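Trainee: Here it is: the structure, laid out below.
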């Protein structure tokens, strides 16, 4: 496989063939359109129960409009849909389970008939929180590679779009951002376990996605770790700070009508203010009272509950997109991600380098590390720990917000539970890297990002976060202080 | 006036509701963890969900009621051992992080398609599929009974039988915990809560005691999970982190390290929560929608938890001198 | 019998400390040093055990790693490194059974680390040690305690939200009621609990804590907590007690009684190893002194001679080696500061109670 590297096209062919061999033609399809891009009525985001999508594609992977299909569950549920050229046609189905998609061959255009012997109906299994796709291939030339080894129209399994496969597909078709549907919310259908055979190119692609996820996660977990380092507090409300960032960016762009860059800045400013207000209003007075850290941790849980419901009140339970235009795929070094993702990764790298510079080269940054190491000693040398902690809180909430915004943009959409999902991964990351160590959060986050995305290749995508947490528990067994943590007296 | 009475009745009904009993039992388990031993279990909902699954799946597989109950306890025990062995030798916050993660893993596994055959995936296991053995045990006659303003069928999902069984189990658990915590064994747990190094220096195997406490509290949590699903279906998403946080609120409201704290906390919490929501719906129904009322209610729970921990950490029943939190 | 016996304890008068022992007897002690002097002066007649130990040790040469006639604890090649720094590096050390051995040394000498290693609260990078003929290296803190070697902590670990009596009962070894399966059947352990309570009250009475048995341990003063910790250690029927700075932070008024209690432990046949900064206390009650500096044992010997050892003087004093080690001015300033803080804290606490 590695020999193919110079010829990217060939590599993609091989990849596609490999996938086709695994009987997943749906990889050639575009990801489902989300709320803002498709005409109402036919679109669906799987945050209800599940969606079934119907794809009718010609030999060039173009969507064939006007084809009619019926989706039934064998009992009372029956919906008729008509495909359109500019979006994937999908409908929301009431329960998870098996559905049959029956294509009406008569509705197909004359120049794109169903090939001889191809079935007119496909059985799919709709799975909660994801979109099951039924893809029909029509028209002349469908026998042409890469689909040769697969039946012209095949069955799809739920959430069939492998990360790499989907991305490969979106490279050739006009499609949405690869692997973005559903955001990081509840099992986005990015990977598939039924798809056991995977190629190096796929692994490479997943490493790319893993790095993206890891970098964005790092941005949030560094703040979590800084707060832990300076105050000893595990902040359970940190996840909500991430959601808050994304939600405020959404509100400033879509409700207040600000341009994107201004909306992001407004969100960051507001979140920085929440950090300041939290420390001034809650944490500093409690530190003054000498409240034990364990007690403070439960206060953060209360804060997390309150913020979560507050955010829900404003943005509701839907999946939201901060940027409503379709993402443009961009391939760098054999990895296809949306342009927005690349930009987000760039911003994350710049910010992380900035934090590293700040921690090592500036007076306040060095003071922060001193406070982390030994608050009493730091205080004795003339550093005001309260001031440092205030700065750390502001940084923590600001970078959490930035992480939320970037995740929201580069993963396509987000909803109110974004931070809840990320919080556990952040905890896993900082524990993995070493609680309270400055660079532990970065290393841990990247590892977690890679584990999450790579595990897509071997386990069902709805369990991909579980894999990260299992790794966390295993690491604790072997090296409780984390990868970069110092060994402290335990047991 | 009628509206007012209806709201009051609903709040009253919450006092004896099976889910109130379930939360009380879960909080009794958590009390053994946190109140007596000082363990930060942030995944009590995971124990509950496992218990519910263990009970439901065993019943569907044909196990009689008591066997299914034992399966639920065994599930909680194994989970506690799995979580405790790697983490109980580490600093306390590791247990918190691992338990909250593990509870989420259980939920994700439950709702994943991989185990759909047994767990029913995200839509869960329907009540009818696992409750018949429980209903067959009922010795109550058929029909309905009204006690004061509360009227339920005698045997069924939302029935007197469910309530009787649930609160009976809570009472048994109280007796059990009372015996445990006033024994020398309970004294060791309290010693560990105060300072585990000191207890270790006196020759006690601290790890073994912590593990025992985690297992027993976890098993109580699993039983609470069974109680929770007796009147409803087993749906993994209703037993997530919010549930764990509510159990904590219940415990801290009543008073950690007190015998009746969890029960009082649960009754008070749920009747007030109901009162608040129905009250707001009646009073503010025109101004804000029903979903917003739920969200406002949730927000108030969060704020209550914060205020409680800041201003009255010992809860309602706690002793000011014997604070629920370590003063170190 | 008093005067001449006392001098054997205080040792030969040292050059700078010309004060004859016994002059401070009638005064109320105001500093730890005076309290110790007073204690020494009032010390009960030497017990048979003390004399026996003194006799045994009088034949032992005062050099590092010297074998003892009846060693209860033997340490071999124990090393503990933190990163690049070697905190403890002890080649050979023996502790005489039934004696009070003091472990002294400047701050950072590795005394507490050695303590932690020996009692299973830290693991060494290498090394072996035997207690009572059995190797206890690598055993957990709990196992070491069960083997009969019980320790206390520098920062007292009274179990604050347990009563004084509960603190004591917790220490009772092999209590059947502490087994989970029996715990909820009170009749299976009620008899043992009663016996333990009796024993606890007896020990508490000895430490004058019996009137406080139902108070939360958190409400005791610093010195009382030290006493409670010692009493609690006694409750485990130890053969050897390891005291980590028993005098630190204790009100001078209590130092006297603490010293008496330590001596009483020896007189009951227990072996005592203690870390202490207070040189007066060390000189007055210990039978043998081990000096550590920079992780190593630099000297050992009887208190009266070891204090004049050049290595000790160097380790402790650097430039000021013409001054005597028993002199007040040489008391660790940190200890003094702590004493003062403790004093103040106690007064404040008492004021608040009123």
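From the backbone N, Cα and C atoms, a Cβ is placed for every residue, glycine too.
Keep in mind it's a predicted model, so treat the numbers as computed, not measured.
The compositional bias 'Low complexity' annotation in TrEMBL covers A:144-161. According to TrEMBL, the feature compositional bias 'Gly residues' maps to A:162-182. Summarising the annotation, TrEMBL assigns region 'Disordered' to A:142-191. Among the features that TrEMBL reports, signal peptide is placed at A:1-35. According to TrEMBL, the transmembrane segment annotation covers A:213-236, A:248-276, A:296-315, A:336-359, A:391-411, A:423-451, A:463-479.
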Trainee: Using a Cβ cut-off of under 8 Å, list the residues of the same chain at least 6 residues beyond the transmembrane segment (A:463-479) that approach it.
Mentor: 187, 190-191, 421, 424-425, 427-428, 431-432, 447-448, 451-453, 455-456
Trainee: Would you confirm whether the transmembrane segment (A:423-451) and the transmembrane segment (A:213-236) meet the contact rule of 3 or more C-beta pairs below 8 angstroms, pairs 6 or more apart in sequence?
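Mentor: Between the transmembrane segment (A:213-236) and the transmembrane segment (A:423-451), which are separate recorded stretches, there is contact, as judged by 3 or more close Cβ pairs.
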Trainee: Should the transmembrane segment (A:248-276) and the transmembrane segment (A:391-411) be scored as in contact, given a threshold of at least 3 Cβ pairs under 8 Å and pairs 6 or more apart?
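Mentor: Yes, the transmembrane segment (A:248-276) contacts the transmembrane segment (A:391-411).
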Trainee: If we call contact 3 or more Cβ pairs under 8 Å (sequence gap 6 or more), are the transmembrane segment (A:391-411) and the transmembrane segment (A:213-236) touching?
Mentor: yes
